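Here is the structure we will look at.
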Amino acid sequence: MEHLALQMARTRLVALLAVAFAVLGGAALVTATGVLGESGLRSHVDAGRFAGADVVVSADQTLPVAEDLDTALPERARIPADLVDELADLPGVTAAVGDLSFPAALVGADGQVVPTVDPAAAGHGWSSVELTGDAALDGSAPTGTGEVALGSDVAPAASVGDTVDLVVAGQSARYRVSGLVEATGLFFADATAADLAEQAGAATPGDVDLIGLRTEPGTTDVVADAARDLVAGSSLTVATGGDRGDVAEPGAAAARPLLLLLAGSLSGILLLVVGFAVAGALAVSIAGQRRELALLRAIGATPRQIRRLAAGQALAIAAVAVVPGVALGFLLAGQMRRLLVDIGMLPAGLPLTVSPLPGVAAVLLLGLVVWVAARSAAWRTSRLPATEAVNESRTEPRAPSRVRTLVGGLLVVAATVLSVTPLFVRSQLGAAVVPLGGLIGAIGFALAAPALLRGLGDVVARRLPAGLSAPSWLAVANLRGYTLRVAGVVASLAMVVVFALTYTLSTTTVLSAGTRDVRDGTLAQYTVGADALGGVPAGLAGDVAAVPGVTAAVPTASTTVLWEYSELGDPTVESGTALVLDPAAPEVLDLGVRDGDLAGLTGATVAVGDDVAEARDAGLGATVELVLGDGAPVQAEVVAVYDRVLGFGPVVLSADLAAGHRDTGLAEQLLVRTDGSAAARDGLAALVADRPGVTLTDAAPRESSLADAPAEVWLNLATISVLMGYLVLSIANKLVAVTAQRRAEIAVLRLTGTTPRQVRSMMRREATVIAAVALAAGLALSAVGVLSLGVGFLGRPWPAGPWWLTPAAALAVAAIAFLTTELPTRRALRTEPASALSHAG
């Protein structure tokens, strides 16, 4: 039977090539997604400046979650400095160093800040150099409060003995360069570094960020075990090997769940798209072999043998395509990581983990999809009596399956219900349901389309004018007589429209709603920032407030908050970014407060979004339990409930509550409100121009545009583009195969006197009807979700997004329909009718 399957495949290469392409693209996408998911589980951050430390002791930077993966904590939790001496006494330890990091930046002779990898953590104590390995030193180590050793990343800006300007821990000062060292950062005497870290709020007295140990050769594991015994029962962890980078750079390590989340969010839609493409291509391939399969039934082949033959043939072509698809998937994963790094969602120090597992998973998954789709496509022919199977091999069933039509209708109804979610859930989750509903609706339409098109064809046929041209009459007859074939084409093209509209518009609408929230809620006209300095310098807020015309200058920052709650009886942890504000926030921000007052943000208090307040019973006056970004559990009173959640996030912390739980105590920016005069603007500009590393920008965002879109939007659009490209190319290959299989039909028409011009005219009319019906169906399936997005997020019956999207989708559908019909038709017309019939069997 396998030999026969391969023999039959040789006569159906065009259709099987469509299957091969669908499998190849599907394998690439599944493999790439698998690599991202595996990296989220197993990847480790490069040890970086701790490469010389054999063992690293730090606070546990994860939050355990029952029956789920632990949640990474991005903010540094400190540990007691007294532990350094205890660890140094362990057998095999040659050095024990407590490491501190705090904001530091070098101002060059030209008055510009010299760039560093992370200015917020560029300052360290001199002892930390030992953790980098054997770093070469030109000069001497810093010993006094006014000395600094420059790392190699900033060393070109000065020489040993020079006096340089630094901004350290938010304070400007002049330091003498005592040495240049082959390490990254700025290094101070240990006592000075401890004072500076305390000034910056990056550490409390008697604490360090982590402790690095250097060991005698061959004793690393023994020392690590001894260190674990020493810290047993505490919240400390001991890391060696690849784990060192994770504890050394918790912010970077915390990005790993992003890869897992991305892989998880892609997997559902990816399986739907790949399954749709592969099943559609196989349906065309098997449909083109119905005559051969029917003849096999007539000579005694059993239904099981027919299905086995169809599955064997499909698996054979899939085996050829899946290997290059897997290889392409590993390359695609690298490009996806590069995109994530470029848009700032993934740290450059977090590599991908590459193993055979994603490739093996892709092979097994695609094999299962192909096997199920092939057997399903051959099911009807295999189950028919032999005589009926032969009779039906040149025609289609008289009536579409009622069960199929009913299931399709139910799916469309279910999709419609899902698509109205934004009317009730005004969040990113509510918007994400719309594309899912659209795809479910498209699949439902694909099931119900034969019955719908049969009814539409009957209506059109009864109303045809008497003088209709022969090509038009033939086009209508074909569309009416081969509704299964036409339905497959129409449903595929409709999915293109649904995919393009729902995915793109859900992304752009949420972006627009968030931008509007920020614009309407920002009372300040300007933002003063100092990213190049690692945070806003101390005293800058007072200097800004003293500028004539400035009415308020309020510091703001952000941190990470984890909220533990129960969902359907299971413990769940939701992690997100939270604003950090002080009681002066109402002077520069209007979050749309419904209850309470932001002026109450003092002490252990928070403000929450209205959706959070309702979902978690956290209304005004309630006490909520949160976990801060460094893992510290806190209880806080809700002093305000606001509704501009999309723009400002679900939670706002008081500055008092966040103090000591962020990597640095410096503010990230100042929101500045003025009287609106030009003098105030000029005064601010003059102040900023005199402060290296300080910037002045407009506070209110512009109208939402892709140029200003956050990283998440670019990621969504890139994902949409990749999936859309795969879907379009798969559908185009499928339609080419559909048209190519009509060679015998075209040959018969020519033998009965139809001219090539009439054949081309007939095919063009069919393509016109198919494109029009597909576009109408796609728009209808998208309409409820798209309108719900507009009403739910923007208060109007249309979404936000590019005006040209719908015309572009229509043009794409028309181009696919016409090109995939016209080109195979012209090729078929170049073949003599008798030759075409002989090749068709």
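For all residues, glycine too, the Cβ spot is worked out from N, Cα and C.
Curation plays no part in TrEMBL annotations; they are all automatic predictions.
If you check TrEMBL, you get these features:
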DOMAIN    265-385  domain 'ABC3 transporter permease C-terminal'
DOMAIN    722-833  domain 'ABC3 transporter permease C-terminal'
TRANSMEM  258-288  transmembrane segment
TRANSMEM  309-333  transmembrane segment
TRANSMEM  353-374  transmembrane segment
TRANSMEM  403-425  transmembrane segment
TRANSMEM  431-453  transmembrane segment
TRANSMEM  482-503  transmembrane segment
TRANSMEM  713-733  transmembrane segment
TRANSMEM  767-795  transmembrane segment
TRANSMEM  801-820  transmembrane segment
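Helix, strand and coil content of the domain 'ABC3 transporter permease C-terminal' (265-385), in residues and according to DSSP, is 98 helix, 0 strand, 23 coil. Counted as Cβ pairs under 8 Å, contacts with the transmembrane segment (258-288) are highest for 713-733 among 431-453, 482-503, 713-733, 767-795, 801-820. Counting residue by residue with DSSP, the domain 'ABC3 transporter permease C-terminal' (722-833) contains 93 helix, 0 strand, 19 coil. With respect to Cβ pairs under 8 Å, the transmembrane segment (403-425) is most closely packed against 767-795, considering the stretches 482-503, 713-733, 767-795, 801-820.
Here the transmembrane segment (767-795) lies next to the transmembrane segment (801-820) in space: the count of CB pairs under 8 Å, restricted to residues six or more apart, reaches at least 3. When Cβ-Cβ distances below 8 Å are used as the criterion, the transmembrane segment (801-820) is approached by residues 489, 493, 496-497, 500-501, 504-505, 508-509, 512, 728, 731-732, 735-736, 738-739, 764, 767-768, 770-771, 774-775, 778-779 of the same chain, each at least six residues removed from its ends. Non-local neighbours of the transmembrane segment (482-503) in the same chain are 273, 276, 280, 283-284, 287, 396-397, 400, 434-435, 437-439, 441-442, 445-446, 449-454, 457, 716, 720, 723-724, 727-728, 731, 734-735, 738, 766, 770-771, 773-775, 777-779, 781-782, 785-786, 805-806, 808-810, 812-813, 816-817; each lies 6+ residues outside the stretch with a CB under 8 Å from one of its CB atoms.
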